[in-house]
Every structure is written in C-alpha cells, then in structure tokens.
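Each remark here refers to the structure printed beneath this line.
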Amino acid sequence: MPISKDKLILILGMVCLEQGHSETLSSIRNPDCGQSLVKPQPQNYFSLFSRIVGGSQVEKGSYPWQVSLKQKQKHICGGTIISSQWVITAAHCMANRNIALTLNVTAGEHDLSQAEPGEQTLAIETIIIHPQFSTRKPMIYDIALLKMAGTFQFGQFVRPVCLPEPGEHFNAGFICTTAGWGRLSEGGRLPQVLQQVNLPILTQEECEAVLLTLKNPITGKTFLCTGSPDGGRDACQGDSGGSLMCQNRKGAWTLAGVTSWGLGCGRSWRNNARKKEQGSPGIFTDLRRVLPWILKHIQTGHRRKSTKALCSEPDGLISGSEGELHFPESLHLYYESKQLCVWTFLVPEDMHMLLNLSHLDIESCHHNYLAMYSLEDRLVGKFCGENLPSSILIGSSSIRLRFISDATDYATGFNLTYKALKPRYHPDSGCRSLTILFEEGTIQSLHYPEDYSNMASCTWIFQAPNYCLIKLSFQSLEIEENGDCSSDYVTVHSDVEKEKEIARFCDYVIPSPVLSSSSVMLISFQSDENGTARGFQADISFISRADLNISISEDESVPLETWDLPPGAMEIFDAERDTHTKPPYEEDIGEMPAIDSGLLKQGERRGKH
C-alpha cells in the first residue's frame, strides 16, 4: 500500500563526500566559502531542540548561501549557493518543468514579505537533475543543480557555502543545522522570516531500522537520517531544497545535505511499527554518491564548448559517399544551451543512405533533440536519450539533421556515420535495420519464402505524401497459428506510437487489404522462440484521398509517431499535448515522429520474461 500524499512530505535529503577529489575541489572552492558575519548563538539544551516546526527566527545574514526559489514572487523551495553561478536544490522541486522553467532565484533573502537591502535575483539558465532521480521514488538521489543566467555578487548577505573536503564527514551524533521558510507545524502557517533548527545525525543502523517500520518500507544505501525518536523538531513543507549544514573543524559552514523528505513534520517514530500515524527521521541522501557528479557539472559548466562547425552556418553541407559527424567535436565536451544546428547530408544522386549512431547522449525530447528530415523536408523522426538505435536505412539520397537545445539541460551530444548505398532495396530490409521508405514497394518476412527464424523482429515505416493514404495488400500469409495472434504475428498501425492498431494477422489465410487512416503506416513482424513458418509477402501502395472521396481539413492533425520506449530512453513530442515550454530557438515543426533509441534491435528479439 503506497504512502498517502498527505502523509509523505518531501522535505529532507543529504549529500556526503567521496574521497579522491582534493585537487579538483580545491581548484573550484571559494576561499571565503562557509563564512557568516553573524556569530552563531551558543548552543544549550533548549537551542539544540529548537525547530523550524515552531522554531526560532534567523538573524539576517546568518546563512548567506540560503536562497529562495520563487514563482511570481511566491516562495516554492529553498536552495544553496555553492559558487557565483551554481545553486543546489532538491530534484523534486524541479520535477514539474512547467513550474521549474518559470522560477527565479533570490539570494540575500530574509523576510519574504518585503524587499530588503542586499537581495539579488537571477533567472535560471540550466537545470540539471541527477540522472538516477525518479518521481516514482523521489527520496532517491533527490538533488539538482541550477546554473544561473548571471552571477551572484558576494558580500555580507550573499556568499557560497563550502562543499566537503575529501575525507571530511560528520559522524553520528554531530549536530548540524537546517534552515528554511517552511511551515511552522504540520499543516500550519508559513513564516515570512527565515527559520532554523539544529538536528543530530543518527547512525546508519538506526536510520535503516526506522525506515523498515513504515507501512510501506523504504530501503536503500543512500540514506542518512537526523532527528530524535521523540520528534518535535524537523523541516516541513516549503523547506525542500534548502541546506543541511555543519561547521567543520575550522569553523566553516559545510553543505552536508539537501532538504528532501520526511513522513510528517516533527513526528515521533518511537514504537513506530505499532502506530497508526507513523513518523520518520529527516532523511538525507549520501553525498558520497553524488559529489563526483556535482563536481563534474560545475567544472565542465565553466569550460564546455561545442563545435563551431556548421552551427553558425544553418545550411551547412556535408557531401560524399561516406563520412561522419561528431557533435560536439569531443566526447569530453558538452553541447551548449540554446543551440540550433543544421546539417544537410548529400550522397550521390540515385543512392540511398545508411546511418549509424555510435554515441548518443541528448536530454529530454521536449527540450533537446536531434530531428531528421528527408524528401521535400518531411520529418522522419527525432532522437534523444542514451540508448543507441539500430542502423537506419533511409530511402533517399539527401537528409537534413537539426539539433536543438534549450537552456535547461546539456549532455555530450552524438556521433554518427553515414554511407551511400545502391538502392537495391530488399523486401526483408526491415529485419536488418529500421527501414523508412517514401515510395511504394514490397515487404516480406526474414528469409521468405523459406521459414522465418525464431525471435525475429522487423519494422518498416512508410510515409506517403500528405494527400495519400497507404494500402497494404498481402500476397501470401503463412504464420504459425495461435488463437490470439500473440506469439507470431504481423501488426499494422497508423501511428508509430503503436496506439492505433488497425490490424493484426496470423494463421494461413490471406486477409483483405488494409487501408491506413493517415499518410503513415508502421508494419511490424514478431516471432517468439517456438515454431516457425513460411512468413508473409505484401505490397504497399499509395492511394490518393481524392480518389477515395476523403476530405482533408486544414486543421487535421497527423498522428504523432514514435515507438514504445524503455523508461527514460526517449520522450515524445506532441504539439497539442505537450505542456512543456518550447526551446527558445525551436521552430514550430508540427507533428513529429520520435525515433526509439533503445527498442529497434532488428533481426532478433529477446524472449518473454
């Protein structure tokens, strides 16, 4: 049974340290990091047990690295300055892109109800969410980096916190501090002035034991907990993304965690297993797992450069019988934000083209992608993610690639090779590579008229002119008989999402012709591990809608085309359904097919599990 949303409150998650990065870290560390001009109050028993939930106000300037992430001047989440351009926050604060892309970051903030001297507000240029974060398990790797569109000017009220040094860690029992503008009690009011609370770190064994008592137990090796079994002090809603900070031996404040989550606010977890209303410690994600990731991005963010070739010349031409393209020029570089790069590939006339991607690292298809066009500027598909697709056979002598990136993410781009092939099209080519064709033709199963092999997987995409529909006519059909056509079968879709299946065939009876409902038809053939037969052969023809007396509305939407995707491998763009903000330089290119970068391993299919 999942934890109900009103009980699971995302508020706390820790970052600790991995050894072996002293030179790297010292090269980027600000010598004035972790320095506050406000002396901390002496700790006693009562100040130790103060809390944000009903806790104490912070004197202005006490934690100059604390920032407020705001949407239309309303506080949404906290964050922590680690350099003049970089802020750390919680990944779950950035999970909703519609909100994330509208946020501004205010440093030097103290009282939310008024503008104060020393405040600085910057827009966000780049959002980088940890790759292992998932909204389905938001307590894992709940961390994100924000690159500012500008730089903070350091002074009395704006300074960076320190990142931990190699070998530096804070043992169980160490008292650390978290601050924020979160609720003063569970379900209570929001403060206007920054609050703080001191929290002891728990042992790993106690942390794991408490989490296993929950009705929906939580496990993982990334956790570190804070708090007291009797509760009473905690972070709460609105504190997400803020800092858990500890003073090191030199007195400098060091970032030990990022406010992420907890069960309730300040609840007791003593005798938790027998309680109806359970509680949890404040949970932190182990920084030893994410510090190298942080360092990689804040370093490369200062020096990364994409290739200048062709990006400044949108109609850049690459011609010849074969060649390659690396973008950026080195795998160790990252592509820049706000890019619009266009390449036109030309192989000799009357030749076709085979593309192979040897490297692919492009963020979400909503914001960063490589789009492919062919024949009269017609879109073939778009690529993103990290899983490499099979080779792609294009029935054309020219192709245009357009790469677009926005200001939210970056990655290492792509490498591809191209080669001209004589247009000796084989009807079973869809079993050797993803085959995209723009002309009528014949298709057949692998080895036809001999028996097809076990675990075969074949895919053809036909794209007719917009004024045409596509007709599939079988010449023969001999596929292993099974009652529901779930073992060996041919499927026909009028969209590449495979959401609009218009036919499914098996058995030994030649069916009637199939007519698509759009100018796109995807045909796939699959076989399982048991039994084979002769297979099939079919003809593809284009039929004018006018000949069929079918009218076309100017507002008619061509179905979005894509494949079923492994989770996280690709995303789908749909101009009507997409709620994300378009990249700054993205053109309105209408309905787009999205190419699956992980699914199309032609010729062999894995068994069912």
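Residue numbers in this text run from 1 along the chain shown.
Keep in mind that glycine also has a Cβ here, set from the backbone N, Cα and C atoms.
Record features, source Swiss-Prot:
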- 1-22: signal peptide (SIGNAL)
- Cys77-Cys93: disulfide bond (DISULFID)
- His92: active site, charge relay system (ACT_SITE)
- Asn104: N-linked glycosylation site (CARBOHYD)
- Glu119: Ca(2+) binding site (BINDING)
- Asp142: active site, charge relay system (ACT_SITE)
- Cys176-Cys246: disulfide bond (DISULFID)
- Cys207-Cys225: disulfide bond (DISULFID)
- Cys236-Cys265: disulfide bond (DISULFID)
- Ser240: active site, charge relay system (ACT_SITE)
- Cys311-Cys341: disulfide bond (DISULFID)
- Asn356: N-linked glycosylation site (CARBOHYD)
- Cys365-Cys384: disulfide bond (DISULFID)
- Asn415: N-linked glycosylation site (CARBOHYD)
- Cys431-Cys458: disulfide bond (DISULFID)
- Cys485-Cys506: disulfide bond (DISULFID)
- Asn530: N-linked glycosylation site (CARBOHYD)
- Asn549: N-linked glycosylation site (CARBOHYD)
- 580-609: region 'Disordered' (REGION)
For Cys365 (disulfide bond), the number of other Cβ atoms found within 10 Å of its own Cβ: 25
Neighbour tally for Glu119 (Ca(2+) binding site), based on other Cβ positions within 10 Å of its Cβ: 16
Between Cys506 (disulfide bond) and Cys458 (disulfide bond): CA-CA distance (Å): 15
Most crowded position, judged by CB atoms within 10 A, among Asn104, Ser240, Asn415, Asn530 as recorded positions: Ser240
C-beta crowding around Cys341 (disulfide bond), within 10 angstroms: 24
DSSP state at Asn530 (N-linked glycosylation site), helix/strand/coil: coil
C-beta crowding around Cys485 (disulfide bond), within 10 angstroms: 17
Cα distance (Å, whole number) from Asp142 (active site, charge relay system) to Cys176 (disulfide bond): 19
Ser240 (active site, charge relay system) and Cys246 (disulfide bond), distance between Cα atoms, whole Å: 18
Alpha-carbon distance [Asp142 (active site, charge relay system); Cys506 (disulfide bond)] in Å: 48
Within 10 angstroms of Asn356 (N-linked glycosylation site), Cα basis - recorded positions out of His92, Asn104, Asn415: Asn415
Cβ-based isolation winner (fewest other Cβ atoms within 10 Å) among the disulfide-bonded residues Cys77, Cys93, Cys207, Cys225, Cys458: Cys207
Of the recorded positions listed as His92, Glu119, Asp142, Ser240, the one whose CA lies nearest the CA of Cys77 (disulfide bond): Ser240
Pairwise Cα distance for Cys207 (disulfide bond)/Asn530 (N-linked glycosylation site) [Å, integer]: 50
Nearest of the recorded positions (Glu119, Asp142, Ser240) to Cys431 (disulfide bond) - Cα to Cα: Asp142
